[in-house]
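First the structure, in the form of structure tokens, and then the observations on it.
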Amino acid sequence: MSWLDKLLPPKIKQTDPKSRKGIPEGLWVKCPSCEAVLYRNDVDANLHVCPKCDHHMRIGARERLDGLLDPEGRYEIGQEIVPVDTLKFKDSRKYPDRLKEAMDETGETDAMVVMGGAIHTLPVVAACFEFSFMGGSMGSVVGERFARGAQNALEQHVPFICFTASGGARMQESLLSLMQMAKTTAMLTKLAEAKLPFISVLTDPTMGGVSASFAFLGDVVIAEPKALIGFAGPRVIEQTVREKLPEGFQRAEFLLKTGAIDMIVDRRKMRDEIAQLLALLQRQPADALA
């Protein structure tokens, strides 16, 4: 040991790399809007809304329903219905392979979850798209679950609510998926005849066959802030008309300004706002929300 080593403080001992504790994956989330780095638990507690800029991130169907419905008395509708490859469809991959991958990634059997329950004790049936499952595409299972949810609302004589988050009809089911547009709108006609409220909540994104069928048929049509809503995507429209679209075109704020939707509601206030609407539509007393 040299005289210089004796003067210097002892070195910090190196630990075995295998014994070091790393930061768990997914502990932090980056806001896609303001790019702030956020603690995941804070984001989850805030219903996936950025606490810095209020950007509404995409949220899973079950998380959304957990934040909407009262904890007691929930029941799922149509979970036993699963997709089948009736057409033996194959593009770059087989349809069953795509389904299996989506099921493994999301834990769901298709792109919609339907539950019965209550919002501030007011009984409802609520359907919600799972965008992570093949882009929330509407196939025969989604259409059937929607129809069964509406039928359950008819039988229970309660309002029906649907949160949309979809790229449109599922191409792997071809005409079968397009038939769901007629099927879902027909069920809403029955709800209207029974004078039962249907509230449609448009979230990011609501496109294609979903926006062209039942999404805008609500007695009240709500959207989340800055949600992308339309039929064809903005890039497709620009390429077709060969013109630059206005800023904010197909966003919720643009649709509210032009009268296509009724209101924009922050996700954190959605439960209370829907409860107030239901009480108003059903002529419930004010103390029903206590």
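Just so it is clear, glycine is given a Cβ too, placed from its N, Cα and C backbone atoms.
Of the given residue ranges 31-53, 123-145, 169-191, Swiss-Prot assigns the label zinc finger to 31-53. A C-beta separation below 8 Å, combined with a sequence spacing of at least six in one chain, links Cys53 (Zn(2+) binding site) to Cys31, Ser33, Cys34, Ala36. The binding-site residues in question are Cys31, Cys34, Cys50, and the one with the fewest Cβ neighbours inside 10 Å is Cys34. Mean per-residue pLDDT, taken over the domain 'CoA carboxyltransferase N-terminal' (27-290), amounts to 95.
Counted with DSSP, the zinc finger (31-53) comes out as 6 helix, 4 strand, 13 coil.
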